[in-house]
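Chemist: Just lifted these from Swiss-Prot, have a look:
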- Gly38, Glu39, Asn40, Gly41, Ala42, Gly43, Lys44, Ser45: ATP binding site (BINDING)
- 6-243: domain 'ABC transporter 1' (DOMAIN)
- 262-505: domain 'ABC transporter 2' (DOMAIN)
Amino acid sequence: MSEYILEMRNITKEFPGVKALDNVNFKVKRGEIHALVGENGAGKSTLMKILSGVYPYGTYKGDIIIDGEVKQFRNIKDSEKSGIAIIYQELTLVKYMTVGENIFLGEEPVKGGIIDWMKVYSETYRLLKELQINVNPYTKVMNLGIGHQQMVEIAKALSKKARILILDEPTSALTESETEHLLNILKDLKKNGVTCIYISHKLNEVFEIADSITVLRDGKTIMTDKKENFTENKVISLMVGRELTQRFPRAKHTPGEVVFEVKNYTVYDHEIPGKKIIDNVSFKARRGEILGIAGLMGAGRTELAASIFGAFKGRKEGEIYLNGKKIEINTPSDAIKHGIAYLSEDRKRFGLVTLMDVQENIALPNYDRLSKFSIINNNAKIKHAEKYVKELKIKTPTIRQRVANLSGGNQQKVVIAKWLMSDPKVLILDEPTRGIDVGAKFEIYNLMNKLVDMGVCVIMISSELPEILGMSDRILVIHEGKINGEFPIEEADQEKIMYCATGGK
């Protein structure tokens, strides 16, 4: 028996006008965790869609070999029969169905011509217990957090006797503890002989869990080797095709006068009216600085930002000042009129209309300035879109391209472009580089520095401590809805931030 459970040889895949994969070779050893890394657009997802049968045999060139046998998958069912299961970044569970119904959807056991529900739920219980997932099989998926939904997806894959498990950015929306649980599950699966292909931009996770690493760039295999023969910097330079001397381009900022101030601000849960999510928070942000806001998931950072922007349903109390003048914000329109912009942590749900093109998305919050007597100036709309595509280096064949077809990094740049066009005085960035490759991250960091130099007050919320420490001039730490620490960057380190984030005084 070959030591390689999977070989993909000379895989080439073309779309109209684009060669997505160019003679790619990819080999995975039996029972290993193999990380597949590369910038967005490098070809990782395309390669996995070929392996999982989404792109059927005949639409690509090359061979897929499993256990020494050439396979010609014509659909997803074919690949599942060979023991391949893929878990996408955007989960595919049916939220109105129970955990058990989701796990066996389309594969329900039958007894006497009807679905054997007793077996569905007993098997679900067994799978969840094996994975140490504390979830009731009868619970509807809509009542589970993202972390538990991710575990249910894994249980679903294992119910189909998956031998090769593909995970695409599995931790992008997980908390630190959920991420740790997931990585431990994958380590246990490895001990039980399951082979994992792990796609992630989070190199710390890659180096914790992977046995081998393959780097793709521009649709080509650049390097495959044991993890021990890589460093993070080496992986990054192979991914982007150039050496990044520093991951965080820290600029010398000179903080000026206070531009934005929040006083005695309290935000209440919109479903539990008496529950405080943010409790009597006060802070100031200055012109010419990046104010970082750190804290654990669930601390209330996103609710604070969304409430300031007028986009959170819960009741609020307190005062907001802009350039020393008290302002009232009840809706996002109010915030935009005052020059406050908010880039949400979930760009696809709250930042973009993905079925619209680049031009329309950039224009969306700016129709007041693009219109006269309620007539839209289409020439101005085109001119502004082309300007920001050029300035932000948005990779798109045309401003008429649907945003859904852009990479994550370029989608994020479109969101930034629409807010830049609104000429903000204050820009709140919530997880600005989530799900974005290292090259695009570097470009967004440079853009943040440029905005600060232009006099924009930048507030950055991030769950990545290296990002907070690498880009902030000053850091606030939120714990359970309260500010539990404040540090100038010269005095900040990971230990101090985590101490405050976990409730230390």
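Using the three backbone atoms N, Cα and C, a Cβ is placed for every residue, glycine included.
Could you place these features in context, so I can see how deep they sit and what lies close by?
Modeler: Note: Gly38 (ATP binding site) has non-local neighbours Lys44, Val215, Leu216, Arg217, Met239, Asp437, i.e. same-chain residues 6+ apart with C-beta under 8 A of its own C-beta.
Mean model confidence for the domain 'ABC transporter 1' (6-243) is a pLDDT of 90.
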Chemist: Counting across all protein chains present, how many other Cβ atoms fall within 10 Å of the Cβ of Ala42 (ATP binding site)?
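Modeler: So the Cβ neighbour count for Ala42 (ATP binding site) comes to 25.
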Chemist: So which other residues, same chain and not among Gly38, Glu39, Asn40, Gly41, Ala42, Gly43, Lys44, Ser45, have a Cβ within 8 Å of the centroid of the Cβ atoms at the ATP site?
Modeler: Thr46, Leu216, Ser407, Asp437
Chemist: Helix, strand or coil for Ser45 (ATP binding site)? Use DSSP.
Modeler: helix
